[in-house]
Amino acid sequence: MDHWKTRFGFMLAAIGSAVGLGNIWRFPYITGEYGGATFLLVYLVFVFLLGIPLLLAEFSIGKAGQKDAVGSFKNLAPNTKWHWTGFMGVIGGILILSFYSVVAGWSLYYLYSYVTGQFTDVTPDGFGPIFEDWISNSLSPLFWQVLFLGVTLLIVVRGIKGGIEKANVLLMPVLALLMVFMAMYVLTLDGAWEGMKFLFQPEWSQLGNPDLYLTALGQAFFSLSLGVAGMLTYASYLKEKDRLPAATVGIGVLDTVFAVIAGIMIFPAVFSFGLDIGQGPPLVFITLPSIFASMPMGTIVAIIFFGLLTMAALSSAISLLELPVSFFSRTVGMTRKAATYMCTSIIFVLGIASSLGFGIWSGVGIGDKNILDVIDFVTANITLPLGAILMAVFVGWYLDKEQAIKNSEIETPVVANVWYVIVKYLAPVIVLLIAIASIFVL
Ligand code: PHE
Ligand code: NA
């Protein structure tokens, strides 16, 4: 069977999955909408208290189950319904990639437009109309989405060692360098300090907003790629000797560092140019280009930024595609090639809806949410927490304690016990409370 060549290769691929549009596109605009530092604080608590322990639980299912999202549960819990958890993940992964590839397509289009010089003469206030005009087209955004999905397909079809691992070993170091460079550059701008205050100085009164908790939970799980069994799938390709705990902590910490750096990169820039922080999804597609347009060497900085965004999106999209491909090839019995082409086609067709939701289908949606917003909301705030909690309940309540701890590969007994209590009691209770609170608020 196909495996990661090294544990380091697995780590890079898992970091590649975690670090993506979630950090650089979703985290800043949501943090902007929810007031900055207070949101960041709740988010950080969720990542460290729940996210990382649950990520280890998810990894442990894949590593012990040795198969895809569905097959791993069938191996560990034969003749039960637990594999439906994995099946929900497969559907969730397909839905996430359907809108994720739309936004990734925007990023690719921006990259292309900067490289070919089409954006060089646009004035700072010209990007709002440019973006609105362009996404309301039916065909052009779909073209870029297909192109992005095509690249993803070409990597996934080559398998774990030959495709996914190689791509990530190349992408991730470049990504890290570009990002640190961008953040340092932005901090030299006038007024950067206001942005740092927004990101790091909490306003306690906002802690009373119940909506904040579900959004922070969803963002934490989305960012860690937690709860859809994509990480489970990646862990199933590990060799027996490669241990989980340290890798899990490393992945969780790095994903968080990337999100905070993205914040440091974006908020100071937004404040120093006096732009609107609460813009929602277009934030990095309207606000940042306006900033680039008024900077010296802005085009180069823009090329670096959208190159970065596209690469980060690609390494996450790879994991989102591998999730259903792994299910259809290992449990259903299709060839990898057929599974990859089929899944990519399904994802593209579903993605059309999210894309057209910015144009001819802009009337379709719930409240002020368009199709993309609805799919994003449902997957991040419902599917992921539900999936993660089902996995926690599986590890905490279905498996016996000895088995669960053995699968987690934690060697220090105290740490193992703390982890077990979080997975078995704390995480399900907190998520349940947030779910109940949200139902009353909605
Ligand atoms: N974690 C990715 C991001 O932050 C998104 C993702 C979610 C990837 C779920 C895989 C599974 O962009
Ligand atoms: Na992320």
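Glycine is no exception: its Cβ is also placed from the backbone N, Cα and C atoms.
Feature annotation from TrEMBL assigns transmembrane segment to 7-25 (among others). Within its own chain, the transmembrane segment (7-25) is flanked in space by residues 100, 103-104, 107, 161, 164-165, 167-169, 171-172, 175, 219, 222-225, 230-231, 234-235, 237-239, 242-243, 247, 250-252, 254-255, 258-259, 262, 281, 283-284, 308-309, 312-313, 315-320, which lie at least six positions past its ends and keep a Cβ under 8 Å from the stretch.
Residues annotated as transmembrane segment in TrEMBL: 37-61 (among others).
Here TrEMBL flags 82-109 (among others) as transmembrane segment.
Feature annotation from TrEMBL assigns transmembrane segment to 142-160 (among others). Listed as Cβ neighbours of the transmembrane segment (142-160) (distance under 8 Å, sequence separation of 6 or more from its ends, same chain) are residues 2-4, 101-102, 104-106, 108-109, 112, 166-167, 237, 310, 313-314, 317-318, 321-322, 325, 336-337, 340-341, 344, 347-348, 351-352, 355.
Taken from TrEMBL, the feature transmembrane segment applies to 167-187 (among others). Non-local neighbours of the transmembrane segment (167-187) in the same chain are 9, 12-13, 15-16, 19, 155, 258, 261-262, 264-266, 268-269, 301, 304-305, 307-308, 311-312, 314-315, 318; each lies 6+ residues outside the stretch with a CB under 8 Å from one of its CB atoms.
The feature transmembrane segment is assigned by TrEMBL to 212-234 (among others).
The annotation transmembrane segment is assigned in TrEMBL to 246-271 (among others).
Taken from TrEMBL, the feature transmembrane segment applies to 291-318 (among others).
Summarising the annotation, TrEMBL assigns transmembrane segment to 339-362 (among others).
Sequence-distant contacts of the transmembrane segment (382-399), counting only residues of its own chain at least 6 positions beyond either end whose CB sits under 8 Å from a CB of the stretch, comprise 54, 57-58, 60-61, 73, 76-77, 80, 82, 85, 88-89, 91-92, 95, 217-218, 221-222, 226-229, 232, 407-408, 420, 423-425, 427-428, 431-432, 434-435. Annotation source TrEMBL lists transmembrane segment at 382-399 (among others).
Here the transmembrane segment (419-441) has Cβ contacts under 8 Å with residues 49-50, 53-54, 56-57, 210-211, 213-214, 217, 381, 385, 388-389, 392-393, 395-397, 401, 404-405, 408, 410 of the same chain, all six or more residues outside its ends. TrEMBL lists 419-441 (among others) with the feature transmembrane segment.
Under the criterion of 3 or more C-beta pairs below 8 Å, with sequence separation of 6 or more, the transmembrane segment (212-234) and the transmembrane segment (37-61) qualify as touching.
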